[in-house]
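What TrEMBL says about this one:
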type     : residues : note
REGION   : 1-43     : region 'Disordered'
TRANSMEM : 123-144  : transmembrane segment
TRANSMEM : 172-193  : transmembrane segment
TRANSMEM : 223-241  : transmembrane segment
TRANSMEM : 284-307  : transmembrane segment
TRANSMEM : 319-341  : transmembrane segment
TRANSMEM : 371-395  : transmembrane segment
TRANSMEM : 484-503  : transmembrane segment
TRANSMEM : 509-531  : transmembrane segment
TRANSMEM : 543-567  : transmembrane segment
TRANSMEM : 573-594  : transmembrane segment
DOMAIN   : 738-796  : domain 'CBS'
Amino acid sequence: MANVAKKVSWSGRDRDDDEDGRAGETTPLLNGTGPGAAGSGRQLTPSSFLRIGQLSNVDLNEDIHELETEVPRPRPNEIPHNEKLLSLKYESLDYDNSENQLFLEEERRINHAAFRTVEIKRWVICAMIGILTGLVACFIDIVVENLAGLKYRVVKDNIDKFTAKGGLSFSLLLWATLNASVVMVGSLIVAFIEPVAAGSGIPQIKCYLNGVKIPHVVRLKTLVIKVCGVILSVVGGLAVGKEGPMIHSGSVIAAGISQGRSTSLKRDFKIFEYFRRDTEKRDFVSAGAAAGVSAAFGAPVGGVLFSLEEGASFWNQFLTWRIFFASMISTFTLNSVLSVYHGNAWDLSSPGLINFGRFDSEKMGYTIQEIPIFIFMGVVGGILGALFNALNYWLTMFRIRYIHRPCLQVVEAMLVAAVTATVGFVMIYCSRDCQPIQGSSVAYPLQLFCADGEYNSMATAFFNTPEKSVVNLFHDPPGSYNPMTLGMFTLMYFFLACWTYGLTVSAGVFIPSLLIGAAWGRLFGISLSYLTKGSIWADPGKYALMGAAAQLGGIVRMTLSLTVIMMEATGNVTYGFPIMLVLMTAKIVGDYFVEGLYDMHIQLQSVPFLHWEAPVTSHSLTAREVMSTPVTCLRRIERVGTVVDILSDTSSNHNGFPVVESNPDTTQVAGLRGLILRSQLIVLLKHKVFVERANLSVVQRRLKLKDFRDAYPRFPPIQSIHVSQDERECMIDLSEFMNPSPYTVPQEASLPRVFKLFRALGLRHLVVVDNRNEVVGMVTRKDLARYRLGKEGLEELSLAQT
């Protein structure tokens, strides 16, 4: 912890208890110095690897004292931040089952009928995930529609009143105050109650599906704050959408239902107990994310592909079916409820929160000569997306360094809300783009200085929720917008959306991106129409759709899932090929400059995220060079005091311990016998499963897998378990509870080979052994994630305790 304060993180809280089996001695300090900095010798001597019984009692408050001495008591105005760091505070999920004796006995007891019951429960959970995600989406949509409608009516009446008698500055003040006060509430609940609910939540869910445990990300409290926060952000007039947060909301719902209990409410419903482990939970979360996409866009296939493309590293065919089922149920629930709400119960016409409306193939087909034009639009989208991401990157760095206090974050959110209202008002005031009201479908036509029977065209863009504005740009007839109006709107909204993403509010970037793209795409279509003397193929609506796809693809860099989402949302397969071309071009061009927005934010939070493949130039590295050493091992029958001391050692905070054969002859090095997790050891100590108690025939029931599931996911800290001095001298037998067949690799294995094994199997610990099966090191997520391809070749990131 050298010369640095704590870094602001997604969880907004410091956590010292979650490192993955890494020894403190090999952890470089934040400035890259220290005994474990890159380049220091990490070779292990045979005598040093088995550090058993040599740990003295550790002062458990040592870390706190260190923080107090190094962080000045008044909070610093600037927090130093270096993006070339990997944080040690993020744990991995235990996706790989620990196949110990208890697990194998339980699996053997399950007969065919019991297995069928478990499978039926999985389908029931997926149906419940779909129904609840759909209902949450309905709730958000209906509340936003009513509250935003109320706000726009109040402001419109006020502007109409003051246009007649002068004093429009009062209208501006009213609009800005309404926006700022609504956003203030939305920002307060996020900043002070649950900081992880900020943003769209997609980067956090990507990390979770990748196998990283982000603190508080799938809690009930996070869901409540997320839903309330996104309603307030959209009603507050920020340049945001409500679609991104639906993905996070679906994931939280999935995590909650699949566990059959709520740790926040302290209620256990005693159902679905079999699924209380990371393996099952992560599979259900991928179904929840897909259901969220499906509810947001009415795109069930797009939802499945989103989970596949963006998230889960482990996949199977049964999982695909269940996820598709959850997505279908989600979009059907939303459709049914919204159709009843809108008064046409039998007409299922609202498949998603945003419906792009029908694109008629006959009127809006495309010809072969337009394909180069679409590719050019993809290039423009890639460049504009890269610019958006680069600006947002510097803005986020500034926020991490200077705007790290919750009160400052709330003030910034209010400022952005007021500025957004002011910009909108000034642009409407200055615009002289008047269109006839007759035949138009404008919800809140604002006359302002236009003649009777006309409305201000600029006002339709700002006097609407972003979703409605997108649909208007797609479907309004040619001539509805002045090119100057579209140009000014694109420019201002681009910067407003860039400033807004990363605020401490719950909000998504999908809809603002689509809106920016639709505006410049329509402008592009109008220009083509001028150039081609009003050719029938140069329809502005079609180019608005392509511009929207190009802009969104240039910012988030999704290809496969986004193509299908856009096709499903337009209800037209004809555009599949041009949309795919546009998205691929935007991704290729954008990647040349900077990373996608979500990957960039993951990197800024120093999360050890594993991409699909190891860096291409990493074949020269072997397991011996990337592994962590020294490894703390335990004997098969170990002294309780030693186990307690090792778990209490704050300098290492290991989460996995190789188990070696107990051997009284110390000259012979012990071979690997298994692997046991910190969480399992804590449950054993809590239940006092000691050899002596069994020998004394103390009435003690045998520990079952249910005891481990009951403690999941919040295992008690070692400090809360009392072990008396007499008990410290007892012995504990780990044979029954350790995983006797952990995955191992030889120390000569290349980094890509280790990476493939680790990522494909969703591992948390990979033991490195020599040719005599002796433990020489341990590979964890951070050891692999710190190698990445930079501009000058392969680079190694430093590891930090932040």
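Just so it is clear, glycine is given a Cβ too, placed from its N, Cα and C backbone atoms.
Automated prediction, rather than curation, is the source of TrEMBL annotations.
The DSSP breakdown of the domain 'CBS' (738-796), given as helix, strand and coil counts, is 15 helix, 22 strand, 22 coil. At the 8 Å Cβ threshold, with sequence separation of at least 6, the transmembrane segment (484-503) comes into contact with the transmembrane segment (223-241) through 3 or more pairs. For the domain 'CBS' (738-796), the mean pLDDT of the prediction comes to 90.
Between the transmembrane segment (123-144) and the stretches 223-241, 371-395, 509-531, 543-567, Cβ pairs under 8 Å are most numerous for 223-241. Here the transmembrane segment (509-531) sits against the transmembrane segment (371-395); at least 3 CB pairs are under 8 Å, leaving out pairs fewer than 6 apart in sequence. In this chain, the transmembrane segment (573-594) lies in contact with the transmembrane segment (371-395); the count of Cβ pairs under 8 Å, excluding pairs fewer than 6 apart in sequence, is at least 3.
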